[in-house]
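The structure appears below as structure tokens.
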Amino acid sequence: MRPVSVWQWSPWGLLLCLLCLLCSSCLGSPSPSTDPEKRVGSQGLRFRLAGFPRKPYEGRVEIQRAGEWGTICDDDFTLQAAHVLCRELGFTEATGWTHSAKYGPGTGRIWLDNLSCSGTEQSVTECASRGWGNSDCTHDEDAGVICKDQRLPGFSDSNVIEVEHHLQVEEVRIRPAVGWGRRPLPVTEGLVEVRLPDGWSQVCDKGWSAHNSHVVCGMLGFPSEKRVNAAFYRLLAQRQQHSFGLHGVACVGTEAHLSLCSLEFYRANDTARCPGGGPAVVSCVPGPLYAASSGQKKQQQSKPQGEARVRLKGGAHPGEGRVEVLKASTWGTVCDRKWDLHAASVVCRELGFGSAREALSGARMGQDVSKRYECANFGEQGITVGCWDLYRHDIDCQWIDITDVKPGNYILQVVINPNFEVAESDFTNNAMKCNCKYDGHRIWVHNCHIGDAFSEEANRRFERYPGQTSNQII
């Protein structure tokens with residue numbers, strides 16, 4: 001098959017991503033081993049299915065390694081990998097797999113990325129990958145499997161299969177206690193609600209602490225919490241009916257997600273839930289970027305602010321980037337040794353955000369006066385710092401440096417396989433020309449044609465421009 005070019009402009013240069021589309025035949029379902037002794041799963045690992053809505057034999061794949069549960073990225077994930085994982089979970093084979101967190105995004109580490117299995121492996125540890133814990137994905141790319149509803153005979157293992165009666169807290173929200181009408185956004189105060197398979201439920205406030213509020217506010221994007229009018233909400237609770245699904249919440253305060261706290265779910269046969277208590281309520285302080293109204297923004301802007309000592313650089317969106325610290329009038333970076341969610345959350349809250357969603361290592365947001373030339377399949381369509389796009393492949397990227405290029409009208413010409421080093425059945429469409437305009441900040445590319453699509457008139461129009469040695473149209 002022939003190479004295909006995917007390219008776009010940015011103020012930093014032209015990104016030319018060469019994506020080789022390979023054709024392969026679909027493999028059938030491999031036959032699982034008939035030896036029960038080899039079906040005990042991966043030593044030292046536990047597996048479970050999570051997320052909702054789902055059935056007992058499908059869900060988001062989660063792996064426990066070194067006592068920590070994590071997920072698998074959907075990059076390069078195939079049905080063959082799903083076969084191996086379903087057998088780890090005690091099923092005979094897979095009937096399908098899902099991508100882009102169909103069963104909801106998980107939490108914690110992303111244990112495996114670019115997982116490549118032939119389908120006949122006895123353990124996921126035998127499959128190729130980027131290595132344990134080495135990933136450039138987010139939890140929006142968590143992979144799931146759909147297993148055949150047939151268990152392996154003689155399967156005996158301590159692996160956990162998350163069925164519908166086992167609950168997890170995956171979504172949390174704040175619901176205003178006095179209606180939704182004309183309330184400013186974002187909602188910063190109200191009842192804490194968790195989403196369970198039967199719908200949204202409240203949390204019993206017996207034993208509720210400021211640490212719990214700190215965690216809830218943090219996971220919703222707010223840097224801190226403040227006191228609420230407990231008497232008002234207690235009086236309001238007496239006039240309303242509530243559906244409690246959670247109690248006994250006990251957070252340390254450093255958790256990045258409520259699911260990491262100690263908590264208990266009410267059993268289905270509980271007749272009296274939260275006796276003598278009411279629904280848990282939190283009030284969060286919005287950061288500078290999430291002020292509830294323009295008035296608050298103006299008030300915050302009017303306050304004298306000292307010199308920032310921590311900043312994020314190289315990120316595509318607010319709240320992400322390489323951590324830099326100011327010391328002795330010089331900005332420097334932070335080593336990623338022992339860098340985790342706890343440390344990242346401290347930085348995020350200091351910058352006016354909530355808890356960290358991920359603690360990135362390995363210079364994922366670029367190193368400090370250097371460029372990064374690897375693409376990954378997350379971020380908004382187009383070019384961002386770090387060269388990210390939405391294509392579901394890991395591909396190398398080439399940049400055209402326009403640092404010294406002056407504003408003006410130019411011709412962009414791209415030639416793929418110029419030395420005919422890769423065999424192709426037809427080389428006529430390996431060249432492309434475009435008109436482009438650069439105003440010093442942005443670039444517009446238009447009137448693009450591949451080489452064999454030009455008419456004689458179009459060719460003459462391109463070739464007659466003076467200044468052809470520099471591609472500038474004078």
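Backbone N, Cα and C define each Cβ position, glycine as well.
Here the candidates are Cys117, Cys137, and TrEMBL names Cys117 as the disulfide partner of Cys127.
In TrEMBL, the cysteine linked to Cys73 by a disulfide bond, out of Cys17, Cys20, Cys137, is Cys137. Looking at Cys26, Cys147, the record from TrEMBL puts Cys86 in a disulfide bond with Cys147.
Cβ neighbour density within 10 Å is lowest for Cys261 among the disulfide-bonded residues Cys73, Cys117, Cys251, Cys261. Cα-Cα distance from Cys117 (disulfide bond) to Cys251 (disulfide bond): 39 Å (rounded to the nearest whole number).
Taking Cys73, Cys137, Cys251, Cys261 as the disulfide-bonded residues under consideration, the smallest Cα distance to Cys127 (disulfide bond) is found for Cys73. A 10 Å cutoff on Cβ-Cβ distances gives Cys137 (disulfide bond) a total of 22 other Cβ atoms nearby, all chains included.
Mean model confidence for the domain 'SRCR' (47-148) is a pLDDT of 91.
When other Cβ atoms within 10 Å of the Cβ of Cys147 (disulfide bond) are tallied across all protein chains shown, the result is 27. When the neighbouring Cβ atoms lying within 10 Å are counted for each of the disulfide-bonded residues (Cys86, Cys127), the highest count belongs to Cys86. Each residue contributes its Cα atom, and for Cys261 (disulfide bond) and Cys137 (disulfide bond) these two points are 25 Å apart.
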